[in-house]
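Worksheet: the structure to be examined is printed underneath.
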Amino acid sequence: MSLTFTAIGAPRIGAGFDRFPRLGLGQHRAMHGKIPEMGLGDLIELVERVDLRGRGGAAFPVGRKLAATSKSGPGAVVLVNGAEGEPGSAKDALLLTRAPHLVLDGAQLVATALKASEIVIGIEGAAGLESVQEAIAEREAPQPFRVVPLLERFISGEGGALVRAANGEDPIPPGRKLRAAVSGVDGLPTLLSNAETFAQLAVLASLGAELYASAGTDEEPGTVLLTVAAEHVVEVPTGTPLADVFAALGVSTGQGVLTGGYHGSWLSPDAAQVARVSRSGLEAVGGSLGAGILLPLAEGVCPLGESLRVASYLAAQSAGQCGPCRLGLPEVVRTLSDLMDGLGGVTPVRRAVGIGRGRGACKHPDGTAAFVLSAMTAFAEDIAIHAEFGSCNRPVRGLLHVPGDENGRLEVDWARCAGHGVCAYVLPEVIRLDRNGYPVVSNNPLPTWLERDVRKAVAMCPALALRRSPR
Amino acid sequence: MAESRVPRWMVPTLCVVAPVTLGLAATGPGAVFAAHAQLFLLTYSGVFALVAMSLTVMIGLTATDRSLLTIRYRVLAQAGHRTTSTVGMTFLVAHLMVKILAGHASAADAVVFGLGPIGLGAMAFDLFLIVLLSGVTRFWFAAGTRPGLWRGLHALSYLAWPVAIMHGLTAGRQAAPWVVWGYVLCLVFVGLALLNRAVLVVRPIVPVREGEPEPSPTPVRTRRKSKAEQR
């Protein structure tokens with residue numbers, strides 16, 4: 001999948017992208033100049049004048065984050081979150097690949113202000129990794145840089161998981177919440193933010209507050225990076241009509257637009273026509289800006305089926321450490337699957353979705369719940385058709401991109417299976433027994449954390465009737 | 001991403017425990033203890049191996065039985081089957097090693113089978129080794145194209161076990177009459193259970209779930225389908 005970059009209005013972060021595939025140090029300096037060094041007080045004041053927020057999805061005020069980190073004691077670390085676990089997002093990968101110096105400038109600006117001892121950059125994917133390593137070699141910095149390669153998993157971008165990855169631990173969300181600003185990398189106060197945030201910081205420092213605020217709305221000045229349909233990265237000033245973005249790309253809003261990624265919510269085509277690109281603008285129509293992900297669903301496919309694919313993917317992406325998520329998400333998938341076959345109803349889905357809500361080390365079950373509930377509302381018409389006819393006769397094309405399944409699937413040799421039921425006991429997340437006592441194997445990708453149980457179930461089948469399909 | 005099946009603490013623990021044990025055995029009291037342990041193994045490791053393998057065969061047979069055990073206990077039985085087989089094979093290897101080291105038998109006697117008391121033991125060992133290997137590689141048989149072959153290999157245990165009992169009763173010390181009767185009873189019961197398994201099949205025990213009409217409460221026994229019907 002090739003990534004394109006488009007700017008509506010004058011590009012800031014994307015300045016020079018039209019001429020260079022990647023901005024080396026010289027090109028970067030020519031575009032953005034040398035970023036002035038700033039004291040902590042000046043930096044916080046500058047950031048608060050334009051109310052800069054984190055661009056990873058949570059929109060936490062950067063000024064407050066800076067203040068909190070500096071208050072936690074001396075010896076801070078700056079941690080750049082370059083993880084793009086969201087299959088619908090590509091802006092951070094693009095940024096780290098094409099404008100690594102802008103991100104490093106921003107990180108260095110913060111590190112100098114905080115008198116940080118180290119800058120750590122977590123990156124997914126080989127292209128970004130190579131580009132950033134090259135950029136680090138090109139420049140001189142008072143602080144040492146460290147690059148941490150990350151696994152391409154949905155939860156890699158969670159703050160706690162990233163801190164653990166930087167510490168060389170298992171990159172999964174920690175069970176006990178520790179604010180990175182208090183105790184992050186090596187137990188030091190850590191300023192953790194998304195890669196785009198640092199790029200915006202560099203642009204802000206280079207332009208100054210007034211010039212920075214000359215684009216965008218008064219409440220949320222500046223530009224924002226969007227990823228549309230997982231393959232177009234767009235830089236737009238806030239307040240731009242969403243319809244203009246889609247028109248500029250020649251992409252249709254189709255049956256609806258998923259905003260905020262796979263933990264986000266659906267906009268109807270009508271809402272997408274009137275929405276404006278900003279946090280408040282999208283919230284006004286029931287969407288969310290999040291990390292700037294916009295996924296339109298084209299006409300002619302089954303929206304319920306497409307949503308089910310995403311829900312299956314999300315269920316398989318659980319780290320498997322929290323029970324309500326581990327068992328609740330497969331249940332969500334089962335109820336959604338029933339709904340699609342016209343057997344279940346919306347109520348069982350809502351009940352299943354409730355299992356994991358607010359009951360995990362991270363927000364994965366909550367985000368999945370939000371996505372599924374939003375789909376229930378957005379595609380109510382389609383659900384009614386499925387309830388009546390058992391299908392809407394439209395294909396599922398996999399238009400909402402999910403990475404391929406890495407662990408294969410389970411197959412039952414029906415000629416051998418004698419309904420012993422052992423597999424369902426060993427692997428309840430994947431296998432249920434039907435009313436006759438024979439296994440019903442869910443058609444979902446097998447999560448990595450289930451590896452041991454899958455092997456166990458295959459080895460324990462008394463009839464040797466269970467096997468794993470080739471990957 | 002395949003997970004390592006050896007627990008992370010295993011290798012470091014072994015690296016510490018093994019030299020410490022050897023070191024302690026070199027001291028005066030340690031040497032006395034080692035001699036006692038060796039005598040114990042010489043006398044009882046064979047008995048323990050035979051008892052554990054008997055249990056393994058019997059638990060393995062019951063693990064597939066659906067007329068008495070629910071799914072939960074069948075899973076438990078499989079775990080028990082693996083545990084007793086590990087214990088049994090460990091004692092069996094200890095039995096061979098101490099017998100060879102004590103000069104009661106040669107290394108070749110451990111594997112070259114015959115019809116004498118020791119030859120029967122070697123035969124049982126060889127057969128159990130095949131059965132053990134098939135048990136360990138069950139995952140690959142299930143995934144492969146010939147899962148039926150596994151049945152045949154693993155069923156060798158029904159040959160290995162009686163041979164092992166014969167070896168136990170004929171070699172070494174004279175067995176007490178109650179021991180002999182005990183083994184005979186075990187053989188008879190296993191024989192009957194095998195017969196039952198060959199002739200009768202039991203339908204799945206149907207789980208009762210909320211909101212569904214209750215299925216027939218007792219498992220129904222039916223005649224096994226003929227070979228032609230199965231295909």
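Glycine is treated like the rest: Cβ placed from N, Cα and C.
Sequence annotations record features per position, and here TrEMBL assigns compositional bias 'Basic residues' to B:221-231.
Under the heading region 'Disordered', TrEMBL lists B:211-231.
Within the same chain, residues 74, 77-78, 80-81, 84-85, 87-89, 91-92, 94-95, 98-99, 128, 157-158, 160-161, 164-165, 168, 172, 183, 186, 189-190, 193-194, 197 sit at least 6 positions outside the transmembrane segment (B:44-64) and bring their C-beta atoms closer than 8 Å to a C-beta of that stretch. Taken from TrEMBL, the feature transmembrane segment applies to B:44-64 (among others).
Sequence-distant contacts of the transmembrane segment (B:85-105) (same chain, at least 6 residues past either end, Cβ-Cβ under 8 Å): 38, 41-42, 45-46, 48-53, 55-56, 60, 118, 125, 128, 132, 135. What TrEMBL lists as transmembrane segment is B:85-105 (among others).
The transmembrane segment annotation in TrEMBL covers B:111-136 (among others).
Non-local neighbours of the transmembrane segment (B:148-169) in the same chain are 46-47, 50, 53-54, 56-57, 60, 117-118, 120-121, 123-124, 127-128, 130-131, 134-135, 138, 141-142, 175, 179-180, 183, 187, 190, 194; each lies 6+ residues outside the stretch with a CB under 8 Å from one of its CB atoms. Feature annotation from TrEMBL assigns transmembrane segment to B:148-169 (among others).
Annotated transmembrane segment per TrEMBL: B:175-195 (among others), in sequence order. Nonlocal intrachain contacts for the transmembrane segment (B:175-195), taken as residues 6+ away from its ends with a CB within less than 8 angstroms of a stretch CB, comprise 54, 57-58, 61-62, 65, 158, 161-162, 165, 168-169.
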